Structures are given as structure tokens and as C-alpha cells.
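These notes are about the structure you will find just below.
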Amino acid sequence: MSANQTQPSATYDSAFLKACRREPVPHTPVWFMRQAGRSLPEYRKVREGIPMLESCMRPELVTEITLQPVRRHGVDAAIYFSDIVVPLKAIGIDLDIKPGVGPVVERPIRTRADLAQLRDLTPEDVSYVTEAIGLLTRELGSTPLIGFAGAPFTLASYLVEGGPSRTYENAKAMMYGDPELWADLLDRLADITAAFLKVQIEAGASAVQLFDSWAGALAPVDYRRSVLPASAKVFQAVADHGVPRIHFGVGTGELLGLMGEAGADVVGVDWRVPLDEAARRVGPGKALQGNLDPTVLFASTAAVEAKTREVLDSAAGLEGHVFNLGHGVMPATDPDALTRLVDYVHTRTAR
Ligand code: CP3
């Protein structure tokens, strides 16, 4: 069953989904990666005393947090409040999200025997996701909900390193030194990720984003050989679900073509490559998402507007453009600057 046929037509006809499909839009749609989270006082209030992973398992809380930026900023899409490590936790991996650090894995995956930690994900493992998305789609009306997952490489980077890393030395040691083990690890992660995205789409998500946040650490030749097959498997698995598939990473200027090739309908671009140049690298037939530098939001309103005009100007010839930041909202960002930015993009691009 295609999700297109099950969602209300007002959602299907939203500016966000039209832009993803490269159809004409009434205005350029805007949403922000990490729009739900620490930049909002109302988020900090409802999260008080509740650990991050626990908050992801409470459907009412997930619903409230997901809706907060939609109410406050008037963004064109909601993103499901969760984390990339939630499906790994759900299959029993011993991990936690440490405040100010990120995901930490108790027993890193370094050997073939360690692969036994990874079993398939079933919808029952994440029944709270199905429940929360049911609540959310009722509240959201015509605003589309974006589901998401971590891509196999980015998940593997946490699982093999045991936590955040700058160099990915253990992950790369496996990738270069034991390519078979690496391929098997990424293949298992692809199955888990695909199953997790399917749960979200079947529950009512109107689009999905695959976060390969750390893929920019790889040379194109290694990405193509050792990472692209697993990400392509994820995109292929949801290809017949009828929802746009967004593929995002940071520092991926040299990988943009390959990230499109992996099977995305929309390629996310960070702030390092202007969108017109990104379109040349990605090639025809795909929309782009991005790409204001998130630190620009710490500058004056006039400076934010000037940098936003640069993004919009370089997007002028694109087949489809979803306005976003080049990476997530930083926690110290003034929420009012985000609201002003949404208004500015909407007003400036109204057709
Ligand atoms: O609004 C949204 O975008 C949805 C929420 C969301 C979270 N994590 C919530 C979260 C999304 C899309 C993610 C994805 C995610 N998680 C990624 C890919 C996106 C990216 O930024 O590149 C990655 C790499 C992670 C792993 C992770 N989880 C990190 C690096 C951190 C930050 C650690 C810290 O405290 O600085 C987390 C924790 C996390 N995930 C928080 C939130 C709101 C902060 C925890 C908190 O609020 O207590």
C-alpha cells in the first residue's frame, strides 16, 4: 500500500511534499534539522528530569515535543522526535545518550562475534513509535511528518567506536582491515534501518530522512565501495512506499553525487557548497535541501537575511528546494531568530 494514498490530500499537496516531488510550490517550504530540542525553553521544561532515551519512548511526550516547533515557528514540516540510536536500543544494544556527549555504547562491536548483538527489528520492538505517530498525524492536520533514521555508516561509527569520535579510527580500521566483517555489519544495520523507516511510514510519516551525518569523513572511493551499497539497500527497501526519501550528511561536498545515486529523491547539502553547485554535482531529477550555516543565526537579523538571500538566490534554478540549515539547530540559538527566518523565507519566496 502506498502511503500517498492513505494520507489526506491536504498533506499530499503541502508545499514541503510538492518541493520534494519537484512540483511548483506556493512558497519555498522550510523546516530545521533539530528544530525540536534544546533551543526551545518549552522543550527544556517538558524534558526536565527525563533521560533522553526514555523521553523517546513516551508517545505523549514525543507528540508534544514534535509539535512544539510547528506551533512556535510555523515550519512546513514536523520531524519525529527521536534519536538515531533508538532502533539499536530497541533491539537490546546496551547504550545510552550522555548529556553533552552523545550516544555511548557499552560493548563496542569490533569482532565477528560482536555482530550477534544485532538482531532484526520488528514493529513490536518500537510500538511506542507507531503509537506516537498515530497521535501526531491526528494533531498535525495538513503539516507533513518526517520520519528518520541513522544511515548504516553513521550508526556503525557509534557502534564500533563505542561513542562519538573525530577520527573514526576503529570504524575505518574495520572497513579497511576486515572488509567482509564491515560489509556484514553495514548490511545488518541496513536491514534494521529499513525496518525502522517502514514502521514510521506505515504509521503515517509522509517523508523520511536518512541521516548519514558523519559520511563526510570518507573519500568518495571508500564511500562508493564500503558504504553506498548499505545505504542503497535502505532506500530500495522503502522505494515502493511512495514517500520522498531525503539523504543528508555533513561535509559531504565530494559525495553529493553518490548520495543521490544511493537512491534519494532529495539530497541534503551542508553550508560548504552553494546549492547551484550542489545541483551540478547531484545531477538532474532530484530536489535539494539546505543550506544556511546554522551559526549564521547568531548574527544580526540583517546578516541572517543577507545570508538567506544568498541561499535562495543560489536555489533559484533548482528543480525543487526545501529550505533548511546546513546542519542541526545549535542549542544556544535564539528561537525568535528561527521564527523570523521561517517568515522571511515564506515572504520572500511567495508566488
Ligand atoms: O528535531 C529533530 O531534528 C528531531 C530530533 C533528533 C534528535 N537526534 C534528538 C536529540 C534527530 C533528528 C536526531 C538525530 C541524530 N542523533 C543525529 C543525526 C543528526 C545530526 O545532528 O547530524 C546524530 C548524529 C545523533 C546522535 C546524537 N544524539 C548526538 C550527537 C547528540 C547530542 C549530544 C549532546 O548532548 O550534545 C544526541 C542527543 C540528542 N538527540 C539530543 C536531542 C534533542 C540532546 C539530548 C537532550 O536534549 O537531552
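Using N, Cα and C of the backbone, Cβ positions are placed for all residues, glycine too.
Per TrEMBL, substrate binding site is recorded for Arg34, Gln35, Ala36, Gly37, Arg38, Asp83, Tyr158, Ser213, His327. TrEMBL lists 29-38, 146-162 with the feature domain 'Uroporphyrinogen decarboxylase (URO-D)'. TrEMBL lists Asp83 with the feature site 'Transition state stabilizer'.
Sequence features annotated in TrEMBL and their locations in the structure.
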residue	record	Cβ contacts under 8 Å, 6 or more apart
Arg34	substrate binding site	Gly328, Val329
Ala36	substrate binding site	Tyr43, Ile65, Thr66, Gln68, Pro69, Ile79, Phe81
Arg38	substrate binding site	Arg44, Pro331
Asp83	site 'Transition state stabilizer'	Met52, Leu53, Cys56, Ile97, Pro103
Tyr158	substrate binding site	Val85, Leu95, Gly102, Pro103, Val105, Pro164
His327	substrate binding site	Met33, Ser213, Val250, Asp270, Trp271, Pro294
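According to DSSP, Tyr158 (substrate binding site) is assigned to a helical segment. Residue annotation for substrate gives Arg34, Gln35, Ala36, Gly37, Arg38, Asp83, Tyr158, Ser213, His327. The furthest Cα pair among them is separated by 23 Å. Model confidence over the domain 'Uroporphyrinogen decarboxylase (URO-D)' (29-38) stands at 97, taken as the mean pLDDT rounded to a whole number.
Each residue in the domain 'Uroporphyrinogen decarboxylase (URO-D)' (29-38) gets a DSSP state, and the totals come to 0 helix, 1 strand, 9 coil.
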